[in-house]
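Q: OK, Swiss-Prot features for this one:
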{"type": "BINDING", "residues": "Leu20, Asn27, Lys156", "note": "xanthine binding site"}
{"type": "BINDING", "residues": "Ala128, Asn129, Gly130, Glu131, Ala132", "note": "5-phospho-alpha-D-ribose 1-diphosphate binding site"}
Amino acid sequence: MKQLEDKIREEGRALSDQVLKVDAFLNHQVDPVLMQAIGKEFAERFKDAQIDRIVTLESSGIAPAMMTALEMDIPFVFARKRKSLTLQDDLVEADVYSFTKQETNRISLSRRFVLPGERVLVIDDFLANGEAALGLTQLVEAAGAEVSGVGIVIEKSFQLGRDKLIERGYRVESLARVAKLEKDHISFVEVVR
């Protein structure tokens, strides 16, 4: 998605050869116009998948998931990284390691909001080693639903996340695929659509 790649070039920063900072428009401050375009792009890419619901992970996945759900006219639900007093009963759970935060979270989702037999689109902000996306697919399947696809806003293609998802049979659509991170330069995988 050219608009997203341009935004990453303009406002993203490679903090190392592994870490891309996009807090100016995605995971701290959010650009609503860009999120709207992202929602439209995901809706277009998955228009034939008959999606019933979107599942994402708090917090950076919420904006792109909500805009996609709005565009597709379907509900979305986000998995929580920590249990609260109101999120206690009938949960599906998975452990997810965050490379960026260097910690493991036990993510959870209420079975009330992902129903058996539903076709679910998993959306996440980043794909690196695939931990978050795989954790979300585990939640969806534990609830008895089917993962119809995985939508990623920014993929670090030099890491193994895509391969792990594809090996498990998931369709992966990434809007921007980063090939390499270097100081003052971010390069992208050229994708022919």
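Using the three backbone atoms N, Cα and C, a Cβ is placed for every residue, glycine included.
Worth saying up front: this structure is predicted, and the values here are computed from it rather than measured.
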Q: Going by DSSP, give the three-state secondary structure for Leu20 (xanthine binding site).
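A: DSSP assigns Leu20 (xanthine binding site) to strand.
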Q: Would you count the other C-beta atoms found within 10 angstroms of the C-beta of Asn27 (xanthine binding site) for me?
A: 18
Q: Out of the binding-site residues Ala128, Asn129, Gly130, Glu131, Ala132, give me the one sitting nearest to Leu20 (xanthine binding site) by CA distance.
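A: Among Ala128, Asn129, Gly130, Glu131, Ala132, Ala128.
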Q: Round to the nearest Å and give the CA-to-CA distance linking Ala132 (5-phospho-alpha-D-ribose 1-diphosphate binding site) with Asn27 (xanthine binding site).
A: 15
Q: Give the distance between the Cα atoms of Lys156 (xanthine binding site) and Ala128 (5-phospho-alpha-D-ribose 1-diphosphate binding site), rounded to the nearest whole Å.
A: 5
Q: With the 5-phospho-alpha-D-ribose 1-diphosphate site defined by Ala128, Asn129, Gly130, Glu131, Ala132, which remaining residues of that chain have Cβ atoms positioned within 8 Å of the Cβ centroid?
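A: Filtered neighbour residues, in order: Val96, Tyr97, Phe99, Phe126, Leu127, Ala133, Leu134, Gln159, Gly161, Lys164.
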Q: Far apart in sequence but close in space: which same-chain residues, 6 or more away, have a Cβ under 8 Å from Asn129 (5-phospho-alpha-D-ribose 1-diphosphate binding site)?
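A: Listed in sequence order, they are Tyr97, Phe99, Gln159, Leu160, Gly161, Lys164.
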Q: In the same chain, which residues outside the set Leu20, Asn27, Lys156 have their CB within 8 A of the centroid of the CB atoms that define the xanthine site?
A: Gly12, Val19, Lys21, Val22, Thr100, Asp125, Phe126, Ala128, Ile154, Val178
Q: Can you grab the distance from Gly130 (5-phospho-alpha-D-ribose 1-diphosphate binding site) over to Asn27 (xanthine binding site)? Cα atoms, rounded to a whole Å.
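A: Answer for this pair: 18 Å between alpha carbons.
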Q: Taking the Cβ of Ala132 (5-phospho-alpha-D-ribose 1-diphosphate binding site) as centre, how many other Cβ atoms lie within 10 Å?
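A: Result for Ala132 (5-phospho-alpha-D-ribose 1-diphosphate binding site): 29 other Cβ atoms within 10 Å.
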Q: Output, ordered by sequence, the same-chain residues six or more apart from Glu131 (5-phospho-alpha-D-ribose 1-diphosphate binding site) with a CB under 8 Å from its CB, or 'none'.
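A: Val96, Tyr97, Ser98, Phe99, Gly161 - these are the non-local Cβ neighbours of Glu131 (5-phospho-alpha-D-ribose 1-diphosphate binding site), listed in sequence order.
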Q: Quick check: in three-state DSSP terms, what is Glu131 (5-phospho-alpha-D-ribose 1-diphosphate binding site)?
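A: It is helical.
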Q: Among all the protein chains here, how many other CB atoms are within 10 A of the CB of Leu20 (xanthine binding site)?
A: 21
